[in-house]
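Participant: Among the features that TrEMBL reports, domain 'Glucosidase II beta subunit N-terminal' is placed at 73-153. Residues or ranges marked as transmembrane segment in TrEMBL: 192-211.
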Amino acid sequence: MFYETWGVVSCNATRIELQNLPRIMDITPHCTNANKLIPFIISLYFLGSSVQSLSPLLGTHPLDEKFFGSQVIKCKDGSKSFSRDRLNDNFCDCLDGTDEPGTSACPSGKFYCRNAGSTPEFIFSSRVNDQICDCCDGSDEYGSGINCPNTCVMGGDLEHKAGNYIPHIDMKEWKRELILEELFQKARGLKLIIILQVVILACVVIYRIYYQRIKFKRRRYH
């Protein structure tokens, strides 16, 4: 005989107690199939409970873990503060990207590749989840849907040779491109500031012209 109560599934001598077992579907199976269904239901239950949000410390340097440990965190540029629940929430609060070390939300952000077994490094946050494996441990592509093999144990650097031959990569050229990309990111931020200043200045000029016209008309009629 098969019967179900809240948090309890029983069939003959088989009795398994679960806390807050979610009701997936209203099915009354035969007792001969109950023992086959129970492991399936249990696996679904623990699978659903194991789904977690993005780790708050993803993309952070180990030395910064204490900095991000408080409930209220200050942006490293000193511009503002934010609560810890807004860390890695995929919304840019700090202009310097302090609050988004693990996402691509902030243009100025940096993602830290731990690369255990190889050389740790920082990459631009724009490279996070861009479907290109930049970290040798693949940690930068956690949400892009691609599978990055962990090459850290094989060297994981740009000069690593797998098999007999891999073309040598000019490290100086790579570093030069990295510097240029950083300058581009800073120039883009500066461009936005300049545009904002021009808009404000234009508004001030328009207001002054309008004010002078009103003042001139009043003088004509008095």
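Residue positions begin at 1 at the first shown residue.
Here the Cβ of each residue, glycine as well, is placed from N, Cα and C on the backbone.
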Participant: Sort the residues of the domain 'Glucosidase II beta subunit N-terminal' (73-153) into helix, strand and coil with DSSP and give the three counts.
Facilitator: 11 helix, 13 strand, 57 coil
Participant: Take the domain 'Glucosidase II beta subunit N-terminal' (73-153) and average the pLDDT across it for me.
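Facilitator: Average per-residue pLDDT within the domain 'Glucosidase II beta subunit N-terminal' (73-153): 93.
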